[in-house]
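Visitor: Just passing along the structure, written as structure tokens.
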Amino acid sequence: MKNSRPVLFAVALASLLLLAVALYLQHVENMLPCPLCVIQRYAFAAIALICLVTAFRTEVTARIGAALAALASLAGAGVAGWHIYIKAHPTVSCGIDPLETSLNTIPTAKLLPFLLQADGLCTTEYAPIMGLSIPQWALVWFIVIALFLLHTAFRKKS
């Protein structure tokens, strides 16, 4: 039987590294996160948490965890896709005002404001990183992570 634990640890590590990159961009490069960015951060955090918790359980639980984390990744991909659409159509609003958002009143945002507080606007343009915008990179990573997790969750037992 193949072990899901290495994949879950790798995905958790990748998700935590992506959150670290987000913190670097926010605090060093002064790229303020918008509400959609923060929702994507929640998705990466959920993926990491689910993977870490279920990696220490039985193989069946690890596979269930991989499926749940894949759902979180697909949800994050949906948010990233919406964010890309908004950036491509500046007249469209994300519908979330960062100054009045209930997103900033969630207990985790109060506990970790340096990571989960939305201060920027969804349509703010920042310089691309290696040719892609931040939401485009997030979408790429959400898809890659989802593919690994779906393969782990649904592969045949050997």
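Placed from the backbone N, Cα and C atoms, the Cβ positions cover glycine too.
As annotated by Swiss-Prot, disulfide bond applies to Cys34-Cys37, Cys94-Cys122, with the evidence given as sequence analysis. For 1-7, 58-63, the entry in Swiss-Prot reads topological domain 'Cytoplasmic', with the evidence type sequence analysis. The topological domain 'Periplasmic' annotation in Swiss-Prot covers 25-42, 82-136 and is backed by sequence analysis. What Swiss-Prot lists as transmembrane segment is 8-24, 43-57, 64-81, 137-155, and the listing cites sequence analysis.
Mind running through what each feature is packed against?
Guide: Within the same chain, residues at least 6 positions away in sequence whose Cβ sits under 8 Å from that of Cys37 (disulfide bond) are Ala22, His83, Ala118, Gly120, Cys122, Ile134, Pro135. DSSP classifies Cys37 (disulfide bond) as helix under the three-state reduction.
The number of other CB atoms found within 10 A of the CB of Cys122 (disulfide bond), across every protein chain shown, is 23.
Per-residue pLDDT, averaged across the topological domain 'Cytoplasmic' (1-7), gives 80.
Tertiary proximity for the topological domain 'Cytoplasmic' (58-63) is limited to same-chain residues at least six positions away from its ends with a CB under 8 Å from its CB atoms, namely 1, 3-5, 8, 152-154.
Residues of the same chain lying 6 or more positions beyond the ends of the transmembrane segment (43-57) and with a Cβ under 8 Å from any Cβ of it are 4-5, 8-9, 11-12, 15-16, 18-19, 22, 64-66, 68-69, 72-73, 75-76, 79, 142, 145, 149.
Counting only same-chain residues 6+ beyond the ends of the transmembrane segment (64-81), those with a CB under 8 A from a CB of the stretch are 4, 7-8, 11, 36, 39-40, 43-44, 46-47, 50-51, 53-55, 57, 135-136, 138-139, 142-143, 145-146, 149-150, 152-154.
Within the same chain, residues 2, 4, 7-8, 10-11, 14-15, 18, 40, 43, 47, 51, 62-64, 66-67, 69-70, 73-74, 76-77, 80-81, 83-84, 129 sit at least 6 positions outside the transmembrane segment (137-155) and bring their C-beta atoms closer than 8 Å to a C-beta of that stretch.
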Visitor: Please report the number of other Cβ atoms within 10 Å of the Cβ of Cys94 (disulfide bond).
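Guide: The answer is 19.
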Visitor: Specify the secondary structure state of Cys94 (disulfide bond) as given by DSSP, simplified to three classes.
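Guide: Once the DSSP labels are grouped into three classes, Cys94 (disulfide bond) ends up as coil.
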Visitor: Residues sitting near the topological domain 'Periplasmic' (25-42): Cβ under 8 Å, six or more positions beyond its termini, same chain?
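Guide: Those are 19, 76, 79-80, 82-83, 86, 94, 96, 98, 101, 103, 108-109, 114-122, 124, 126, 134-135, 138, 142, in sequence order.
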Visitor: What does the structure give for the C-alpha distance between Cys34 (disulfide bond) and Cys94 (disulfide bond)? Integer Å is fine.
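Guide: For Cys34 (disulfide bond) versus Cys94 (disulfide bond), the Cα atoms are 10 Å apart.
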Visitor: Using DSSP, how many residues in the topological domain 'Periplasmic' (82-136) fall into helix, strand and coil?
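Guide: DSSP composition of the topological domain 'Periplasmic' (82-136): 23 helix, 2 strand, 30 coil.
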Visitor: Provide the number of Cβ atoms within 10 Å of the Cβ of Cys34 (disulfide bond), excluding the reference atom itself.
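Guide: Cys34 (disulfide bond): 25 neighbouring Cβ atoms within 10 Å.
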